[in-house]
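Inspection log for the structure reproduced underneath, given as structure tokens.
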Amino acid sequence: MTPLLTFLTRIHDPAYVVLALVALGVTTFTTFFCIAQGVRGGGGASQRLWLVGAVICAGLGVWGTHFTAMIGYRPDLPLFFRPEYAVGSAAASVGGLALALVLAARLPERLRVIGGGLAAGGAVWSLHHIGFSGFSGCLVQFDWLTSGLALVICCVGCGIATNLALRDRAGDLLHAALAFSLAVLVVHFLSVSGTRITFTAVWEGGYSRAEMSRLQYGEALLFGLLICCLTVAQFRSMVRLRRLELAVRYAGDGILILDPRRRTVWANQAFETLSGFSFDEMEGRTPDQLLAPPGDMSDEGASGLLRTDRSGPVTATVRIRKRDGGVTWCAVNSTPVRDSHGRLELLIETVRDITAELTAARRLAHSRAVELRLTRFAANTADLVCMWRPEGGIIWANQAFLDCAGHSLDRALGRDPDQLLDLTEPCSEGRARRQETLSREGRVIFEAQARAETLWLSRTDLLHEDEDDGACVVTICRDITREKMRERALHDANRQMARQARHDLQSGLPNWRRVTEFMVDCGETGSGFTLILLGLDDFRQVIDTFGHVSSHNILRRAGEALSAEFGASCLVGRSGGDELALVLPDTVNPEDATTALGLRAIEVLQRSIPTSGGICRLCASAGIRVVDGTGTVMASALVKDAALALQEARSLRKAVAIFSPGLEQRNASRIRIGAGLVAAVEQRAFEPFFQPQVTLEEGALVGFECLARWRIDAQTVHEPSAFLDFAERGGLLVEIERMILARALDSLRDWRREGLAVPRLSINASVQHLRRPDFVTHLKWELDRRDLAPPDLAVEVLETMLITDEDDPAARNIARLHDAGFVVELDDFGTGHAALANLSRLRIHSVKLDRSLVAPLAHDARMTAIVRAILSLARELDIAVIAEGAETAADLVRLRELGCRVVQGYGIARPMSAEAAHAWLAERETALRRIG
């Protein structure tokens, strides 16, 4: 490599060498580009233009390369160039290369490479030697061995370039240009290496290096002009190709181009849309790999190209699998494209979707078959079918229509089908409306009666428009007489069921469903309404007295009386077994007015109702819910509110109660308490609270009353009023009382062991507990377990449950308590209906004056007289008296003045837990020891 560079730089100017190489590269690229365009031109002036341009580019380019190198040759010598030799070398270059191109195009395929290579190699070799022979004042001597070797190498290189150029492939053209460039370089530099120059005394004239450079500039300008012309021609060709490409890309039919190995080269947008695959997915792959339907290996594959010979265009109908899995039918035209040598270059397929055409053809055939079947069906169906024209009457009718009309086809032709069937027309306007609907929608369906309203028909008229025959109407009638009869019977039954669904079967009054619907209707008006829920007291006794049938009649008469009283706009319904609901559409805001409505309804129910068994009068309580009409009516919630108000009225023994949010909150609280009551019993969350009973004179402790408390947490304790009703209804009251008894007796035992003096405890006994057969036995068992005696325990019985029947289990247990030595006390004396004779008969040891008798003593003289009488009577019967509810010092003073010996209340101490009671006792014992 180093000797070569040294050789080049010693005998050549490096700048000119580089310039010559650049010129050679441009020359060879332009030459073979023009040859490629000429080969692909397909004949005509365009092809000749490209080939002439190739000859000129090659001749002038090689000549310019050669003389550029010669200008840079031996820069140390004053060389001159004779113009005739320069022109001769150019002519030799252009002529020789033109001859080489003609030979390559005209000779047979086997000789064209040899002929073209020899002509081109000779032209390049001649150009070099003629140019070197043109030095003025010099004797140029060539080494013919070296020159011959350069000629052989140049001819071989040009032959190789000719062979590659004739293949007309992009890669081969590049290789051809490289081979030709190497041939030119070998000729010049190899020949130069064997050339010797000797100066003579004779100077024959010529151009200097500078003058030859200017000549080279002109040649370069001419060459550049030629390149510009060729560029313009190429641009025009590219514009035409671009237009053609756009036309093909956006053509309506799909176009697919394949190479000779059946791989996808290009696809237009229509084919991408048709197949669902993008060109990137199809490029380089055969259509069978993407578009062949599964299992389709017949002669008709995914593409007509793959199963046809390549001799000429072929058309086939094939199935193509789309990307989404669907299959479409396409008409494929496959056309082979060959190059100038007859070799298969491309295969162009035009694909057109004919699925719609095939489907239309199948549908047409199917429609004709269906039309034939329908004609047979219409002729033999049991329905009445006819065809008629609005202006010309019947043109065809089936046998069923003719039988119904009672005419033959000949007599029916041209007549109106309505007249033949004797259709009952409600009015002329109805017929006009049907005609209008038929014209607008093409179909009208209606029902009509025929034969003097003895036959019902369901009729369908279909309008058919025909360009040749005009408008025709197809009428289909079906006998629906039986269906109409069943429909009428079903309608009557539904109406009866609807009434039964909204009315009480026994009383005939609107039932709860009708009441709720009426409330919703009233709420939608926005004016509000008033719901009065009337609960009948002791209705069970009414049923027992008058019987079920008469009691239901009584309810119906009561509802009628309420309706007559409050007007036709109200609704009275039965909401339950012993409840009536009265809904008044108007809202009454003042509470007094609302209460007056409830009392008025109760007064109506209290009127005499005559029955077969006698006169009946009903007693009732009322719960009222007022709805202002501003919100959405929730019937179930409103009834729940009214039921709460009714429950409140009954519990307070009031005639009327009006619902309020506070009532709902109290009820919710009670429900929460009731829900947790069972768990509280299982967790033994109940404990006794102790309230001391002392004497007024001495202040001595008589005992403790044990009061039940429900412990929620360290700070929260519920009193009996919060859970007593729930415990009684849930059957838990006895278990709670026994739990309180056990824990209270445990405390009594512990206190006495510690030396604290507690004479006895008092416990409350409910009627359920008192009536148990094992009541007394259980008390004894609890006392025996703790080494306690019956006198240590007092059992309090409420006055309101005092028993008058000696056979009652409670009365027997009270007697057993007395016989066993227990103390029996009558609690809340003065609030019930206890007969004084019962005090002696039941052998009560003591009575407890209720707080309602003690509180008024300070200011009520009549109550003072009553209490004084009770105390006097008790002394006569040897019954002790304990005053409850002594809360103030005034109460204690007044009771002392009246002679009451034992008191209990906040004035002494509040109810306290076992721990607090223990502390209270300890402090009391300490104080007594200090005093005495």
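In case you wondered, yes, glycine gets a Cβ from its N, Cα and C as well.
Taking TrEMBL as the reference, the stretch among 111-132, 639-660, 859-880 described by the feature transmembrane segment is residues 111-132.
Under 8 Å from some Cβ of the transmembrane segment (15-36) lie the Cβ atoms of residues 8, 50-51, 53-54, 57-58, 61-62, 64-66, 68-69, 71-72, 101, 161, 165, 168, 173, 176-178, 180-181, 184-185, 220, 223, 227, 230, all in the same chain and six or more residues away from its ends.
Residues 32, 35-36, 39, 100, 104, 112-114, 116-118, 120-122, 124-125, 128-129, 172-173, 175-177, 179-180, 182-184, 186-187, 190-191, 193-194, 341 of the same chain lie 6 or more positions beyond the ends of the transmembrane segment (144-166) yet place their CB under 8 Å from a CB of it. By the Cβ criterion (under 8 Å, sequence separation of 6 or more), the domain 'PAC' (314-366) is not in contact with the domain 'EAL' (670-925), since fewer than 3 such pairs are found. The average pLDDT the prediction assigns to the domain 'PAS' (240-286) is 79.
Sorting the domain 'GGDEF' (527-661) by DSSP state (H, G, I as helix; E, B as strand; all else coil) yields 60 helix, 39 strand, 36 coil.
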